[in-house]
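Here the structure is laid out as structure tokens; the discussion comes afterwards.
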Amino acid sequence: MESKALLLLALAVWLQSLTASRGGVAAADQRRDFIDIESKFALRTPEDTAEDTCHLIPGVAESVATCHFNHSSKTFMVIHGWTVTGMYESWVPKLVAALYKREPDSNVIVVDWLSRAQQHYPVSAGYTKLVGQDVARFINWMEEEFNYPLDNVHLLGYSLGAHAAGIAGSLTNKKVNRITGLDPAGPNFEYAEAPSRLSPDDADFVDVLHTFTRGSPGRSIGIQKPVGHVDIYPNGGTFQPGCNIGEAIRVIAERGLGDVDQLVKCSHERSIHLFIDSLLNEENPSKAYRCSSKEAFEKGLCLSCRKNRCNNLGYEINKVRAKRSSKMYLKTRSQMPYKVFHYQVKIHFSGTESETHTNQAFEISLYGTVAESENIPFTLPEVSTNKTYSFLIYTEVDIGELLMLKLKWKSDSYFSWSDWWSSPGFAIQKIRVKAGETQKKVIFCSREKVSHLQKGKAPAVFVKCHDKSLNKKSG
């Protein structure tokens, strides 16, 4: 009897060891399946947003528990771009911190492909395919191993990282929820086919910020063509406020040459800071407007919110999936918070004598129930008698309900005999203003029956004579 019990005990121990060894072999096999993945996946914490202290290792389930991955929350995967130094840029911990501030229970993973990103640009651009494959295999493993829903996954890629995110999204077993492209790189990608770059098919929703598209297609730092469901071009997508040459000279004079590299990529990196702004200032999202071109936007012709023609920039964007990519525009401030308030102004210039002037400088001042914004400069390429002109202006402060405006026609910076002999002028009865953010239209009337606007003279004053509030479905 005793020998039988010992035999059963020995059999149990043998079976247990066999099961354990098989489990170990299976785990080892799974690790080998991912041994060629070079990218690293660091789960950063709200307490330490700057350091990669814990890595999620594909094929090693214990690493997910060790890093305290939250299986019931959203996951953000931040993918950096090309690097000269081989180190993370200063924006990475800022974005991580902003994501955790907005979504405290989320997982923020930083994808480290620094060794590949530090090569000559064409080489690093080619590596985006391998990085995308690495990210896709990691995501697929998380879904298969832990049944983690891909509807909780949001990829954020900057520059080359945006295309790596797109390639990853195209290779996952199921579509991830969202990809945000932060000024996707232009060189090597402007004319690339969709499978080799970020495209609308790579996620349930793809939104893109274009902030440095200056130059000919294929040569601009950021990609020019739309590559998402919604493509937003702040300030036309070329240069960003505060990133101009004059600003560069001023900063170099104040801080020395150490910040030159920051100024070179200032507009490119602005895409990241605009997104960070949307995370931190959720109560006041910047509004972008769909438009056929930046020239039409500059004329104020696109401040409509009908049929999804306007949208929020950044995290709280409305996920509109149109058949064609939607190009949207907005103005911003030069620093955070970036939000401004857009207005379309329409003026009819009347007169008894035919006059035409080119490149005329004006100033307009707006006065509202909350604040005022004075001496806003604008230039009209042409001003002719008995013609109506539309243009865009914006204020950096919310002035509330519009009550009054002043319009001044500025003198030329050079001496003009014709202006000295007889000051040019136009008659203006009404000025129409539409506020983009509130969608309200206001008509301003001259304090007299007609205001006579003369070049270089006192501004003409107009007060609200009629307004018409419009809801979001109106024009």
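For all residues, glycine too, the Cβ spot is worked out from N, Cα and C.
Feature annotations, courtesy of Swiss-Prot:
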type: DISULFID; residues: C54-C67; note: disulfide bond
type: DISULFID; residues: C243-C266; note: disulfide bond
type: DISULFID; residues: C291-C310; note: disulfide bond
type: DISULFID; residues: C302-C305; note: disulfide bond
type: DISULFID; residues: C445-C465; note: disulfide bond
type: DOMAIN; residues: 341-464; note: domain 'PLAT'
type: CARBOHYD; residues: N70; note: N-linked glycosylation site
type: CARBOHYD; residues: N386; note: N-linked glycosylation site
type: REGION; residues: 32-53; note: region 'Interaction with GPIHBP1'
type: REGION; residues: 243-266; note: region 'Essential for determining substrate specificity'
type: REGION; residues: 443-467; note: region 'Interaction with GPIHBP1'
type: SIGNAL; residues: 1-27; note: signal peptide
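Features as recorded by Swiss-Prot, highlighted on the structure.
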residue: C54; record: disulfide bond; Cβ neighbours (10 Å): 17
residue: C67; record: disulfide bond; Cβ neighbours (10 Å): 20
residue: N70; record: N-linked glycosylation site; Cβ neighbours (10 Å): 13
residue: C243; record: disulfide bond; Cβ neighbours (10 Å): 22
residue: C266; record: disulfide bond; Cβ neighbours (10 Å): 22
residue: C302; record: disulfide bond; Cβ neighbours (10 Å): 24
residue: C305; record: disulfide bond; Cβ neighbours (10 Å): 21
residue: C310; record: disulfide bond; Cβ neighbours (10 Å): 22
residue: N386; record: N-linked glycosylation site; Cβ neighbours (10 Å): 13
residue: C445; record: disulfide bond; Cβ neighbours (10 Å): 17
Nearest of the recorded positions (C302, C305, N386) to C291 (disulfide bond) - Cα to Cα: C302
Three-state secondary structure, C67 (disulfide bond) (per DSSP): coil
Position of peak Cβ density within 10 Å, selected from the disulfide-bonded residues C291, C465: C291
Rounded Cα-Cα span from C54 (disulfide bond) to N70 (N-linked glycosylation site), Å: 14
The region 'Interaction with GPIHBP1' (443-467) - residue tally per DSSP class, helix then strand then coil: 0 helix, 16 strand, 9 coil
Top Cα neighbour of C465 (disulfide bond) in the set of recorded positions C54, C305, C310, N386: N386
Candidate recorded positions C243, C266, C305, N386, pick with smallest Cα gap to C54 (disulfide bond): C266
Local backbone state of C310 (disulfide bond), from DSSP in three classes: strand
C67 (disulfide bond) to C310 (disulfide bond) - Cα separation in whole Å: 40
